[in-house]
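Summarising the annotation, Swiss-Prot assigns [4Fe-4S] cluster binding site to 119, 123, 126 and lists sequence analysis as the type of evidence. If you look up Swiss-Prot, you'll see 171, 172, 203, 227, 228, 229, 305 marked as S-adenosyl-L-methionine binding site, on the strength of sequence analysis. Look at Swiss-Prot and you will find 112-349 tagged as disulfide bond. The domain 'Radical SAM core' annotation in Swiss-Prot covers 105-344, and the record cites sequence analysis as its basis.
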């Protein structure tokens, strides 16, 4: 006999922008200011139920409950690192799981959110792609990741708030574009969480260069990061199969369009893999690729977090990383070696989720 899993069909109200919430309220016979009150309860007072919205009528609260849920996520696992990094595993209403990471930075609290359940991009070094994409994460489910992290501080009476967001968790954000854009507009709204656009970064592997061009016209000051990891097509294809359909020539044509349109800097993420992409010769190739664009470029060299399923890859040595960095600096490239977070927990993106799913399967076996 199999257990019936009841799946919640109501969407999370967190998935609506303020304008969408106002439109919904008016369509349901309410005044515009009622939607503004709901928005205030959600993001300024950060209530945990519609019933706590004390200046709304019982009839309106019933209507909200009929159409929406508030928080669709359930906390399953929390891992805390000695450096203050916290990794969360959340369960979605359909029993699927996603990861979220809180990082304490010198400039504030940064949260890394997940946009897809699994990933189909097929990067050969990444834990996220071990389990293929099941579905997109909705805008409400992405916002809920921020709200649950913020709840941790609110419940403890701590005067701290999430100040920065990086969309670099499991999945490819531009493969979930509509929900991504709603999420960004919700958290950036000055009347809500008010997370500054320049404090938000979206990362893409560039699998669809046209999406980078589309992003250039969204009229947001949000930062763009490119998961690059190699300066030539042959090497990049061996690491990231999406390069077959989106070679560097197409990718950089879109990036150049983006920078010309927005005049905003692009960050290039480059994971340092021992013996794969960390030689001085490859560093020079990277410098040659970035140099014509250096005014609006920044290279982020990232120490690799080993993944059990990808045993062929090892972290580049500190010496090789330093030599690579020196080549870039000698060529005038703006670059940094990224500070590590959560090295004493399941630090690699997707690692905690993969472990939990294996554990659940073992229990059922």
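In case you wondered, yes, glycine gets a Cβ from its N, Cα and C as well.
Quantities reported herein were computed from a predicted structural model and do not represent experimental measurements.
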Other Cβ atoms within 10 Å is the metric here; tell me which of the binding-site residues 123, 126 scores highest.
126
Is it possible to get the count of other C-beta atoms within 10 angstroms of the C-beta of residue 171 (S-adenosyl-L-methionine binding site)?
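Neighbour count, Cβ to Cβ under the 10 Å cut-off: 28.
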Round to the nearest Å and give the CA-to-CA distance linking residue 126 ([4Fe-4S] cluster binding site) with residue 229 (S-adenosyl-L-methionine binding site).
12
Max CA to CA distance in Å over the S-adenosyl-L-methionine-binding set 171, 172, 203, 227, 228, 229, 305?
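Per the listed residues, the maximum Cα distance equals 19 Å.
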By CA-CA distance, flag whichever of 203, 227, 228, 229 among the binding-site residues is nearest to residue 112 (disulfide bond).
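Nearest by Cα distance to residue 112 (disulfide bond): 203.
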Measuring Cα to Cα, how many angstrom lie between residue 119 ([4Fe-4S] cluster binding site) and residue 171 (S-adenosyl-L-methionine binding site)?
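Here the two Cα atoms lie 5 Å apart.
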Within 10 Å of each Cβ, count the other Cβ atoms, then let me know which of the binding-site residues 203, 227, 305 comes out lowest.
305
Just to confirm: which same-chain residues, 6+ apart in sequence, have a Cβ under 8 Å from the Cβ of residue 172 (S-adenosyl-L-methionine binding site)?
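Those within reach of residue 172 (S-adenosyl-L-methionine binding site), by Cβ under 8 Å and sequence separation of 6 or more, are 115, 116, 119, 120, 121, 204, 205, 207.
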How far is it from residue 229 (S-adenosyl-L-methionine binding site) to residue 123 ([4Fe-4S] cluster binding site), counting Cα to Cα, in Å?
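Between the alpha carbons of residue 229 (S-adenosyl-L-methionine binding site) and residue 123 ([4Fe-4S] cluster binding site) there are 10 Å.
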